[in-house]
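Quick notes on the structure that follows.
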Amino acid sequence: MEMDFPVINMNNLNGESRVSVLNQINDACENWGFFELVNHGISHELMDKVEKLTKEHYRKCMEQRFKEMVASKGLDSVETEINDTDWESTFFLRHLPVSNMSEIGDLDEEYKKVMKEFADELEKLAEEVLDLLCENLGLEKGYLKKVFYGSKGPNFGTKVSNYPPCPKPELIKGLRAHTDAGGLILLFQDDKVSGLHVLKDGKWVDVPPMHHSIVINLGDQLEVITNGKYKSVMHRVIAQEDGNRMSIASFYNPGNDAVIYPAPALVEGEQEKTKLYPKFVFDDYMKLYVGLKFQAKEPRFEAMKAMESTNLNMGPIATV
């Protein structure tokens with residue numbers, strides 16, 4: 001039986017349908033780790049500009065560079081499966097705590113302006129979604145934003161990716177399977193070329209391309225904070241022989257020095273319920289993740305538990 005990917009209409013949060021929509025979001029967080037938002041409040045005109053300028057920037061500044069990389073690595077003539085490279089062309093924009101847009105020389109002023117406007121809208125949407133999760137979890141409004149804050153506010157950035165046509169998609173992934181390390185991810189994906197797959201009950205399920213939607217997925221930090229009630233989920237991008245797929249993924253993550261641990265309200269007061277996840281500084285987790293991104297998340301959590309035990313012997317981690 002084909003599973004329907006969860007699609008949430010945010011217009012229905014206003015009025016009598018609110019409880020039903022919150023239940024849909026809760027079910028998606030518990031059973032999928034992903035859901036797709038429509039009527040999310042970001043203007044279609046702005047999204048169309050972002051898409052147009054992103055595709056123009058790829059053609060002008062990134063396409064030739066990607067072809068040269070493919071040629072230098074011989075990726076267009078591989079005969080066996082490649083497991084250490086992704087078929088993607090990317091660059092990264094940092095928005096918070098400090099923007100790096102002025103440092104990226106090949107972005108024209110119009111593109112910078114539009115991406116700044118888009119990032120501002122996504123930041124607001126991320127915080128709105130986090131508060132919906134708080135409401136479902138029985139946490140006070142603003143709890144997740146506060147935990148993410150650290151001393152300088154959250155980390156927020158955007159990975160802009162293009163997945164060009166691939167001559168041998170059966171031998172190389174657009175992006176290998178992984179869970180995301182951070183907090184809340186907001187994806188504006190191509191509405192014509194598919195390729196994003198989510199692992200659901202042991203099967204890969206396609207995330208349907210929808211015009212003007214934003215796909216939400218949960219990172220490892222939300223799994224920790226919810227003590228496993230919500231899950232980060234493995235996902236991948238399949239390379240395609242036809243079509244150039246655009247993907248703009250924005251990551252609303254904890255600040256580097258934010259201390260991450262299961263919310264006490266989700267652990268205390270429940271008989272036989274124990275704290276399943278460790279307490280750690282987000283930056284320490286990221287340092288570990290860099291080398292283990294394309295592996296299962298459980299060994300990362302175990303490594304952080306071991307680090308927590310060592311820290312307990314040396315003294316407690318301060319909670320901001």
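Yeah, the Cβs are placed from backbone N, Cα and C, and that goes for glycine too.
Here is what Swiss-Prot records for this protein:
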{"type": "BINDING", "residues": "HIS178, ASP180, HIS235", "note": "Fe cation binding site"}
{"type": "DOMAIN", "residues": "154-254", "note": "domain 'Fe2OG dioxygenase'"}
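Feature annotations (Swiss-Prot) mapped to structure.
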residue	record	Cβ within 10 Å
HIS178	Fe cation binding site	17
ASP180	Fe cation binding site	24
HIS235	Fe cation binding site	24
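Close to the recorded Fe cation site, the chain also has ALA177, THR179, ASN217, SER232, VAL233, MET234, ARG236: residues not among HIS178, ASP180, HIS235 whose Cβ is within 8 Å of the site's Cβ mean position. With DSSP states grouped into helix (H, G, I), strand (E, B) and coil, the domain 'Fe2OG dioxygenase' (154-254) comes out at 6 helix, 45 strand, 50 coil. Averaged across the domain 'Fe2OG dioxygenase' (154-254), pLDDT for the predicted model comes to 95.
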